[in-house]
Structures are given as C-alpha cells and as structure tokens.
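Chemist: Have a look at the structure that comes next, please.
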Amino acid sequence: MTVTLERRESTSLWERFCSWITSTENRLYIGWFGVLMIPCLLTATTVFIIAFIAAPPVDIDGIREPVSGSLLYGNNIITGAVVPTSNAIGLHLYPIWEAASLDEWLYNGGPYQLVVLHFLLGVAAYMGREWELSYRLGMRPWICVAFSAPVAAATAVFLIYPIGQGSFSDGMPLGISGTFNFMLVFQAEHNILMHPFHMAGVAGVFGGALFSAMHGSLVTSSLIRETTENESPNYGYKLGQEEETYNIVAAHGYFGRLIFQYASFNNSRALHFFLGLWPVVGIWLTSIGISTMAFNLNGLNFNQSIVDSQGRVINTWADIINRANLGIEVMHERNAHNFPLDLADNSLLPVASSSPSINS
C-alpha cells in the first residue's frame, strides 16, 4: 500500500478570516455587508435604549423650549421617544466631538442623529447581506429587492424628509406617540391623504395583508393529507420534500367558484410573485411620495372647488380636511410667534376706505 503525504499549504490569518466571514456553514451568516451591519445596528440599538430611558429634554425647535422624551424624565412607553435633533443644528452633522460638552450635545438632540444615521446604514447593509447570502447559495436576488421597500420608507422619513425641510428636527421622532405626531403634522403641512402615491401605499399594505391572509387560508385548507385522520396533517410534511405540500388545483377551483374563474392563479410561481410584488410596489410609491412632499410637492388641493351661481362656496370633504389641517397646524406651532403659512399668507382685508386724519 502506498501512502502519499502532501505538505499542507499554510494560509494567512487574513485568508482564514475572509473564509470565515463568507462561509455559509456558520449558524448565522456574516458576510462582508455584515461587517458593516453588526457595529452599526449595535450602536444604534444601544444608544436608542439609553436615550429612551435617560436622555435629558431636547430643544427640538431651537427656541429654548426643551421637550422631554425619556422615561426618567416623566414619560411612559407610549409617550416616550428619542426627540429629534434641534432646529438650531439644522442639517449639520453633529457628532459628539462637535459639541462643546456632552451636556450641550444631549440638549441639542445629538443622540437622535447618531441613532438614525447608524440605523439607516445598518438596514442598508442588512439588505446587501440578504443579496450576498443569496448569491453564495445560488439563489435569485428577489429577497433583498422586497426588503428594499421598508428600507426606502425608513430612508424617506428619517433622511430625505429632513433634507427637504432643512432640518433634522423635522424627522420622525423615535417613539410611539412621536410617530403619530409626525403623521398628524405631515398631514397638516402636506395633505398626504390626498396624494396619489400615499393612496397606492395604502392599497399595497392593506391589499398585501388581505392577499396574504387569503393565500395562507387557502393553502392551509387544501393540504395534501399524508397521515391518518387521528394524526395532524403537519406530520405528513418533511422539510425539503420534492412533492407538493398542498393541492393548488383544489385551491384554484375553490377560489374560482367563490369569486370568478380568472380571479385565481393556476401557476404557483406567478401567484407568489404577485404576493411579493403588490405590497413592495405600494411601499415604494409611498416612499417616493414622502420624498417629493419633503420638497413641498404636496397632495392634491380641492379646497373651495365647488361654488353656486352666486359664488358661494359649497363645502366638500376636501374643505373639511383643509379645516382639520389648519387646526392641527395651529396646535403644532408651540412658538406663538410662528404662524402657519396657510394663515399668514392671506391677502390683507381693508377695514376702512381711507385713513382718518390725525390732528397734531
């Protein structure tokens, strides 16, 4: 018997590191995008938790009226938030070393900018990591394309909108009630409910939820039973099996009779592509809408669009919405010297035909 011994080529530490980073045998795939994602998301998460619990009030409007957002300063889980960076900072990058002290950095809302920028980098890297793992496994790249929709939405509200409005103070606060406040103010200032792209996003999200529920219930109701009546049908499924796990013909026939013939898919690939496409395109369109409204290309305006023969306005729902928008905008302005543009831009109404003479 002949035994051949070959000298094992020595690999450098860097090569072993590269092999470990890109290995698909790890329990959790890291990848080169993961090298960026992990520190960014850890930083964003850590600072968010600390700021949500203990950050001091922030002068969000830059008018020396700090707003409290943390739990230790009187808030609860519902009202708490990481308050956006001060309007006094605007769009300037505001790392800790740009402030004169840590107290100043906290007062001006530095944690918000730190969390948002690291979070956006992290989720973008997560999307790239999805593509990277798909590539290494020989899969198609549609998973990261689908995830691009929430990435686009987050980028729109946390980065594009502040850029368009000229200050990070206009970004969405990182909290529950802060999110609702952002939505109300956005409606008041941009009439988003009357924007076609927002309507498409609503159809995408709610339609996607409806289609998902319909698909899941149809599949669950048409499983191919491989077990006896006394056992769960789930025991008849083996991970990775080549056979179909449900009868798409039965599901197609059921749904075709429930609605009409052409309302159902008879091709599983086309069906699942549609299920992925519908909500993704809707959220893409909403993100584009937010990004255009960031630069004040607002929703449609049908205010006072109907008048009678005497020129009197006949109010429609558009006028009701406009009245609500004005009320929200007035309540939003905490600084009494800052009137909403809708109220401040009206032409002056004369109160006298001529000025009275004043005897000196």
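Counting begins at 1 with the first residue displayed.
Placed from the backbone N, Cα and C atoms, the Cβ positions cover glycine too.
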Chemist: With Swiss-Prot as the source, which of 87-108, 197-218 is set down as transmembrane segment?
Modeler: 197-218
Chemist: Looking at 49-63, 274-288, which one does Swiss-Prot call transmembrane segment?
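Modeler: It is 274-288 that Swiss-Prot annotates as transmembrane segment.
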Chemist: Within 10 Å of the Cβ of His215 (Fe cation binding site), how many other Cβ atoms are there?
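Modeler: Cβ-Cβ neighbours of His215 (Fe cation binding site) within 10 Å number 17.
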Chemist: Using C-alpha atoms, which one of the recorded positions Tyr126, Tyr161, His215, His272 comes nearest to His198 (chlorophyll a PD1 binding site)?
Modeler: Tyr161
Chemist: Does Tyr126 (pheophytin a binding site) have same-chain partners at least 6 apart in sequence with Cβ under 8 Å from its own Cβ, and which are they?
Modeler: Phe33, Met37, Leu41, Phe147
Chemist: Same chain only, sequence gap of 6 or more: which residues have a CB within under 8 Å of the CB of Tyr161 (site 'Tyrosine radical intermediate')?
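Modeler: When sequence neighbours closer than 6 are ignored, Tyr161 (site 'Tyrosine radical intermediate') has Asp170, Gly171, Met172, Ile290, Ser291, Met293, Ala294 within Cβ distance under 8 Å.
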Chemist: Taking the Cβ of each of the binding-site residues and counting other Cβ atoms inside 10 Å, which one has the highest number: His198, His272?
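Modeler: Counting Cβ neighbours within 10 Å, the top one is His198.
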